[in-house]
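Written out below as structure tokens is the structure these notes cover.
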């Protein structure tokens, strides 16, 4: 068809990883781009997930946030790596490395928010940390519930168990964070920033979920368009499951930043931090002693903080 456009192969292409052993094989056709990567788009799009997790962890460390946020970043990074290996090989062992870390990574924000909700209910606006023993107890209960569900999933290989548990965790995190923001965040700017970051995170995540559903239910349509109209390499852009990775990777970043901001507010240490929007759209919670290295605003799509941008230019 041309140097920069070529047809999909007519028959299945063998790959270096051998026979597929995973219980799920997504709509993307296998080994059509490289014999080393079973699902090209579904693999490479995990780079968004991995990079956002790395930056989340780095930012939490550099800005002196609690270790729980380092664990959250590490957990989601592990999900990205597991998903990369799964889509690259379509092996069952890597499928588990993709799916199980999803629910275990969600345990950390679930545990954190349950503890925060208890702190808020007991102390009102004078927040004190839940005693360490109670934090451990809550974590053990959540961990046991997830471990039990994981064992059942591995035994019965019923993907509904994994998906239902993951959905329940998302609802708990979103509902608890929203309730805490509504009831206990009084500063108007902080509340606007929390709502904006949570809303964008939710919109991105839901958009990713829609892409995930479209990949499952309209696979034959996507295959037809890719083969008959787009061909390669443009066809790799029309992989809805790959867009699930991109959109959820971005959405989770937005939501983690909002959870960080909510946490410092409930601990009454928000005076030590500043919530900024890099280039007016990417949120980050930074230590007040730090000077942002990019232009930023204090609200979503708000005006740039000009005096800071001048300082940054002088430093350069």
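Residue positions begin at 1 at the first shown residue.
Just so you know, glycine gets a Cβ as well, placed from its N, Cα and C.
Pulled from Swiss-Prot, these are the features on record:
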{"type": "TOPO_DOM", "residues": "1-36", "note": "topological domain 'Lumenal'"}
{"type": "DISULFID", "residues": "27-219", "note": "disulfide bond"}
{"type": "INTRAMEM", "residues": "37-57", "note": "intramembrane segment"}
{"type": "TOPO_DOM", "residues": "58-68", "note": "topological domain 'Lumenal'"}
{"type": "INTRAMEM", "residues": "69-89", "note": "intramembrane segment"}
{"type": "TOPO_DOM", "residues": "90-93", "note": "topological domain 'Lumenal'"}
{"type": "TRANSMEM", "residues": "94-114", "note": "transmembrane segment"}
{"type": "TOPO_DOM", "residues": "115-135", "note": "topological domain 'Cytoplasmic'"}
{"type": "TRANSMEM", "residues": "136-156", "note": "transmembrane segment"}
{"type": "TOPO_DOM", "residues": "157-160", "note": "topological domain 'Lumenal'"}
{"type": "INTRAMEM", "residues": "161-181", "note": "intramembrane segment"}
{"type": "TOPO_DOM", "residues": "182-195", "note": "topological domain 'Lumenal'"}
{"type": "INTRAMEM", "residues": "196-216", "note": "intramembrane segment"}
{"type": "TOPO_DOM", "residues": "217-228", "note": "topological domain 'Lumenal'"}
{"type": "TRANSMEM", "residues": "229-249", "note": "transmembrane segment"}
{"type": "TOPO_DOM", "residues": "250-316", "note": "topological domain 'Cytoplasmic'"}
Any same-chain residues 6+ apart from residue 219 (disulfide bond) with CB under 8 Å of its CB? Would you list them in sequence order, or say none? 27
Which residue counts does DSSP give the topological domain 'Lumenal' (217-228) for helix, strand and coil? 11 helix, 0 strand, 1 coil
Could you put numbers on the helix, strand and coil content of the topological domain 'Lumenal' (58-68), residue by residue per DSSP? 7 helix, 0 strand, 4 coil
Return the count of C-beta atoms lying within 10 angstroms of the C-beta of residue 27 (disulfide bond), excluding that atom itself. 22
State the residues, same chain only, that lie 6 or more residues beyond the ends of the topological domain 'Lumenal' (58-68) and have a CB under 8 A from a CB inside it; answer 'none' if no residue qualifies. 108, 112, 260, 263-264, 272-273, 284-287, 290
Within-chain partners of the topological domain 'Lumenal' (1-36) [C-beta distance under 8 Å, separation at least 6 from its ends]: 42, 86-95, 157, 159, 215-216, 219, 222-223, 226-227, 231-236, 239-242
Tertiary contacts of the topological domain 'Lumenal' (90-93), as residues 6+ beyond its ends and Cβ separation under 8 Å: 17, 20-23, 25, 30, 38-39
